[in-house]
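Written out below as structure tokens is the structure these notes cover.
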Ligand SMILES: Cc1cc2nc3c(=O)[nH]c(=O)nc-3n(C[C@H](O)[C@H](O)[C@H](O)COP(=O)(O)O)c2cc1C
């Protein structure tokens, strides 16, 4: 009998579908994600101080996906961990706690704070494109700065706490960045964050649609970029990969796994199709497995590499 469950860093996921960071804004909405069949959930990235976010509108759709410039709107780590602690206790599925900083010392502080609420894993968002203006380049834009952040966090956290490094596609060599993260103690790589930034203009108003003018691009339009990135990361590291970027169907999940992902994030698809998408993908995955005589999804991971 085909079964959708996968193991990722010794953690059991009932299926490989993960809600990526920041897609659902409020903590309460994440209970819906569990009810609608996701295998795992990532929290919104938490920052040291509260952040109001960028001017409205922050999310706009275009023909092949969406653009967002949420600007890491969140109540800050103090309030954030309180809200998420309750969720982590109550949910039955693995929670990945995401944190964002531009300074290594802040990453260390934030990672230690979220470690206290016992998430299944801690994800370092080294790659948010919507914060560059105010705060400088994200640390994930270079292999050395990525390595420095991962190393400091690794030294500060308990040995058993699992660390994911979330990488940006907007770099020259994502394989090199992944390798640097793994060498300094990242247990897994998560990729990709949004592409760009991009811009869409409302031709009636003759103005850019986003309040922030530009925003990160996600959804089906970026899927080939995401697949290529996951492919390159798989070639560069030994650790497992949480792959995401434009996945909307069971075929897209299979493609991401063939490129090298063990878990697959499905985020912008929720904006475009709602919560029903997750059970649809799972039903279609089971059909694909039956047709292809596959009992465990793990056999697909990295298979396109020959
Ligand atoms: C509205 C919105 C907010 C996001 N916020 C975050 C965030 O806080 N932290 C983060 O690491 N990624 C954030 N992302 C990026 C997603 O987690 C994901 O990496 C990206 O959207 C690609 O996957 P998708 O095409 O399935 O959405 C956000 C994306 C969107 C659309």
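Yeah, the Cβs are placed from backbone N, Cα and C, and that goes for glycine too.
Automatic prediction, not curation, is the source of TrEMBL annotations.
Marked as domain 'Dihydroorotate dehydrogenase catalytic' by TrEMBL: 4-289.
Proximity of residue 21 (FMN binding site) to non-local residues of its own chain (separation of 6 or more, Cβ distance below 8 Å) is seen for 42, 43, 44, 45, 96, 98, 123, 125, 166, given in sequence order. In the three-state DSSP assignment, the secondary structure recorded for residue 21 (FMN binding site) is coil. Taken from TrEMBL, the feature FMN binding site applies to 21, 44, 45, 125, 166, 192, 219, 245, 246, 267, 268.
In the three-state DSSP scheme, residue 69 (substrate binding site) falls into the coil class. Per TrEMBL, the feature substrate binding site maps to 44, 68, 69, 70, 71, 72, 125, 193, 194.
Feature annotation from TrEMBL assigns active site, nucleophile to 128.
Predicted-model confidence for the domain 'Dihydroorotate dehydrogenase catalytic' (4-289) is 93, expressed as mean pLDDT.
With the fewest other Cβ atoms inside 10 Å of its Cβ, the least crowded of the binding-site residues 71, 219, 246 in this structure is 71. Taking 45, 71, 194 as the candidate binding-site residues, the subset whose CB lies under 6 angstroms from any atom of ligand 1 consists of 45, 194. A straight line from the CA of residue 194 (substrate binding site) to the CA of residue 268 (FMN binding site) spans 10 Å. Spread of the FMN binding residues is 20 Å (greatest Cα-Cα distance among 21, 44, 45, 125, 166, 192, 219, 245, 246, 267, 268).
On a Cα basis, residue 69 (substrate binding site) lies 14 Å away from residue 219 (FMN binding site).
When the neighbouring Cβ atoms lying within 10 Å are counted for each of the binding-site residues (44, 166), the highest count belongs to 166.
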